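Please read the structure below before turning to the comments.
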Amino acid sequence: MVFKVLTLFPEVILQATNFSILKRAQEKGLIKIEAINIRDYTKDKHKRTDDYPYGGGFGMVMTAQPIVDAYESIKSSKPHRVIYLTPQGKKYTQDIAKEFSKEEELVIICGHYEGIDQRVIDLIVTDEISIGDYVLSGGEYAALVLIDSISRLVEGVIEKKSVEEESFSECLLEYPHYTRPYEFRGLKVPEVLLSGNHEKIKKWRRYQSLLKTIKSRPDLINAANLTKEDIEFLIKYCESQKIVL
């Protein structure tokens, strides 16, 4: 998997991906991360990459020429997606991460200011993606979210079992985790986790996962692959808490 990030701040991308899992994945050749400086491609003598918006209004807009030229300089013959990170985009989900992880190459455009000239989107962008309903100082931080979440799904980057058990893998949030010591500031590890009974532990974790999801992200429940036992458990819980499903 190759990530090609078009950015005004390549050091943000390169420094943040030089640690932990992403660093090891690059060393093993499982992923490759390139940061292309958009400013290197501007034809403006002052190296500007932004200008005032037509029609007036607050803020500046990134100009089309350096972005498109930067893209054309690194564009390969391989099929690839070109992702623009924007609040106006489709909401990013684990399913989209899985879809992107199947690609050989992804080009990610990081915007700044009020965004990029619409003609960039019209000419080269295949996907407009938003990581949430909030505003960031630049697209680099959103790009790092994509790189990390997609890389984890690339075969060999992390253990397959870890991927399968993580939150959202079944449209459910993950169960609580505990480690030593047994008691900390009066709070003890649930006894079932010390029982050695793997079937009981599995059941407890499943129920905890269901509870976390219904409390924090009830919108995920409808998309989850629920068993008859799961449904019965949720009905009992919701009735006891007077929650309407």
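Every residue, even glycine, has its Cβ placed from backbone N, Cα and C.
What you see is a predicted model, and the numbers here were worked out from it, not measured in a lab.
Annotation comment: Swiss-Prot describes GLY111, ILE131, GLY132, ASP133, TYR134, VAL135, LEU136 as S-adenosyl-L-methionine binding site. Counted within 10 Å of its Cβ, the other Cβ atoms near GLY111 (S-adenosyl-L-methionine binding site) come to 23, all protein chains included.
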Inset, instruction - Going by DSSP, give the three-state secondary structure for TYR134 (S-adenosyl-L-methionine binding site). - result: coil
Inset, instruction - Using all protein chains shown, find which of the binding-site residues ILE131, VAL135, LEU136 scores highest when you count other CB atoms within 10 A of its CB. - result: ILE131
